[in-house]
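Quick notes on the structure that follows.
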Amino acid sequence: MEGIDHLADERNKAEFDVEEMKIVWAGSPHAFEVSDRIARLVASDPVFEKSDRGRLSRKELFKSTLKKCAHAWKRIIELRLSEEEAGRLRFFVDQPAFVDLHWGMFVPAIKGQGTEEQQQKWLSLANKMQIIGCYAQTELGHGSNVQGLETTATFDPKTDEFVIHSPTQTSSKWWPGGLGKVSTHAVVYARLITDGKDYGVHGFIVQLRSLEDHSPLPNIIVGDIGTKMGNGAYNSMDNGFLMFDQVRIPRDQMLMRLAKVTREGKYVPSDVPKQLMYGTMVFVRQTIVADASNALSRAVCIATRYSAVRRQFGARNGGIETQVIDYKTQQNRLFPLLASAYAFRFVGEWLKWLYTDVTARLQASDFATLPEAHACTAGLKSLTTTATADGIEECRKLCGGHGYLWCSGLPELFAVYVPACTYEGDNIVLQLQVARFLMKTVSQLGSGKAPVGTTAYMARAQHLLQCRSGVQKAEDWLNPAAVVEAFEARALRMAVACAKNLSKFENQEEGFSELLAELVEAAVAHCQLIVVSKFIAKLEQDIGGRGVKQQLNNLCYIYALHILHKHLGDFLSTNSITPKQASLANDQLRSLYSQVRPNAVALVDAFNYTDHYLNSVLGRYDGNVYPKLYEEAWKDPLNDSVVPDGYQEYIRPLIKQQLRTARL
């Protein structure tokens with residue numbers, strides 16, 4: 001029924017101030033105010049309507065995306081929105097589009113790799129959207145292996161130009177968002193060749209389309225790579241392919257902050273340290289971790305509300321059935337995902353701090369912590385995106401059959417999100433980068449060089465290799481020191497075991513290849529330790545009242561103990577804990593589920609998502625699910641007519657047994 005809050009009883013059970021938790025989730029009162037205001041602005045604008053997105057053809061979907069992007073830019077100008085507000089507006093419009101790559105990759109690439117003169121020239125145009133850019137790195141034949149890219153940029157000293165060329169089919173750029181149909185310019189990554197020598201991959205600004213009629217420039221072949229997974233979803237993005245046939249660009253369109261080519265064709269590295277590139281990488285990966293918490297919290301919000309609305313079995317003497325959320329099996333699957341959403345939020349906040357710290361150190365030419373920061377952000381990108389993609393799918397299953405409907409919001413959310421496991425670094429490849437760093441750190445433990453940052457715990461290797469957990473009763477698993485020590489012991493012992501196994505090989509690279517699976521597991525253990533320790537550190541801050549702090553405390557230990565349960569083999573095989581202690585952890589986990597249960601709906605309300613943003617019949621704020629599912633069914637084009645097209649041709653002859661049989 002309209003106007004009735006079917007989840008009011010659930011909200012009345014809350015043992016904390018939801019408004020306070022909203023501010024904790026947002027990060028600050030200011031961030032909450034901006035987010036709340038912009039979310040409502042988007043939700044109230046009919047141009048941003050999206051409930052029909054799954055029923056549109058690809059062409060219709062793409063055109064509606066262009067309309068929304070143009071309208072969003074118009075509103076940004078009219079309302080004089082700040083950069084922060086404009087970013088939130090694009091977030092709540094919630095439709096993958098060329099602008100994501102323009103602002104998220106093209107502009108930062110010029111800022112990070114362009115000289116001051118180049119920034120002045122190109123950013124003045126890009127910031128007004130007088131040119132639209134994309135980031136053309138990945139090729140048909142090479143993704144993660146950037147050094148294997150085949151596109152060439154050969155300097156011609158006669159004309160003072162670079163000749164951009166795609167020598168093979170596999171050298172065609174493939175996947176860049178915004179490239180297919182919209183971008184006028186691209187930062188193209190190609191092998192720089194001058195005076196017959198290959199200097200490796202560098203970035204070049206290349207105009208792709210006319211600024212008058214949008215047609216591709218001569219000798220440029222460009223288009224869209226085709227339909228991707230899901231209805232709606234990422235199909236609003238024009239991921240493209242691009243081939244060059246001896247395309248000439250002026251020499252000054254090479255991004256020259258880190259290196260330049262002189263008029264005579266001499267390659268000159270600049271005084272600017274190459275490590276500056278790490279700063280941009282840390283920034284991009286920090287935003288990906290933040291996006292993981294956004295996507296997972298959205299799925300968890302839908303699954304939690306629906307689990308409270310849905311009733312199944314358990315009726316006695318004609319009474320009402322049991323809410324699905326009251327089943328321990330549901331809690332055991334759902335509440336760790338709720339805890340993960342909060343955990344990823346807080347580790348994302350910490351990564352913002354890390355980015356600021358790295359930037360300050362770079363400006364002071366202090367590169368000591370860079371390798372650790374690079375490894376840490378690579379690992380957290382991998383860990384959070386993998387867990388989020390799996391978590392969204394688990395939320396779909398938690399919603400039963402109705403979760404499979406497009407209008408549940410979950411199939412599209414999964415299809416939109418899952419590429420995050422591959423872009424900006426394949427998740428397994430990234431964990432192997434972490435593993436290399438861990439192996440190097442372990443090898444230096446006896447050298448007097450102290451491990452830094454998130455690997456600082458390794459300095460206590462002697463203790464961690466010998467210590468035994470002191471947990472004796474279930475409540476001891478709520479002691480932060482006991483939890484952190486168990487995670488540190490497991491991570492260190494797995495890393496040391498890998499290092500020992502590596503040392504048995506004469507050829508280290510051969511050994512690394514042989515031990516890939518174990519190395520990934522050691523890297524994951526290290527990254528899970530980071531998330532747990534940053535969540536615990538958050539609890540030590542002054543955050544909200546007693547009720548808020550208690551809920552965050554419960555979620556923190558649900559996250560940690562569920563990881564412990566899920567990776568029990570690691571903890572037991574490394575003797576970090578005993579089987580008895582593992583059993584006590586499970587007892588404590590069940591107790592924590594019971595404590596979170598009355599607060600579950602309020603904890604997802606704290607995400608402060610509008611119904612427009614969720615775009616889910618199952619996750620509606622008012623819980624009015626069943627009438628709305630029925631309404632949604634009637635909107636499907638198949639229901640435009642009572643008798644379907646094709647009845648006369650196919651169904652009637654079948655029923656009337658009038659099908660003509662072919663003679664062989």
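Placement of Cβ uses the backbone N, Cα and C atoms for every residue, glycine included.
Features of the protein shown, as given by TrEMBL:
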ACT_SITE  Glu424  active site, proton acceptor
BINDING   Thr138, Gly177  FAD binding site
DOMAIN    17-132  domain 'Acyl-coenzyme A oxidase N-terminal'
DOMAIN    134-235  domain 'Acyl-CoA oxidase/dehydrogenase middle'
DOMAIN    278-439  domain 'Acyl-CoA oxidase C-alpha1'
DOMAIN    479-656  domain 'Acyl-CoA oxidase C-terminal'
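Features as recorded by TrEMBL, highlighted on the structure.
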residue : record                       : Cβ within 10 Å
Thr138  : FAD binding site             : 19
Gly177  : FAD binding site             : 25
Glu424  : active site, proton acceptor : 18
Report summary line: Here the Cα-Cα span from Gly177 (FAD binding site) to Glu424 (active site, proton acceptor), rounded to a whole number of angstrom, reaches 13
Query - Counts by DSSP class (helix H/G/I, strand E/B, coil) across the domain 'Acyl-CoA oxidase/dehydrogenase middle' (134-235) - result: 9 helix, 44 strand, 49 coil
Query raised in the report: From the Cα of Thr138 (FAD binding site) across to the Cα of Glu424 (active site, proton acceptor), what is the distance in angstrom?
Result: 10
Query raised in the report: With DSSP helix as H/G/I and strand as E/B, how many residues of the domain 'Acyl-coenzyme A oxidase N-terminal' (17-132) fall in helix, strand and coil?
Result: 89 helix, 0 strand, 27 coil
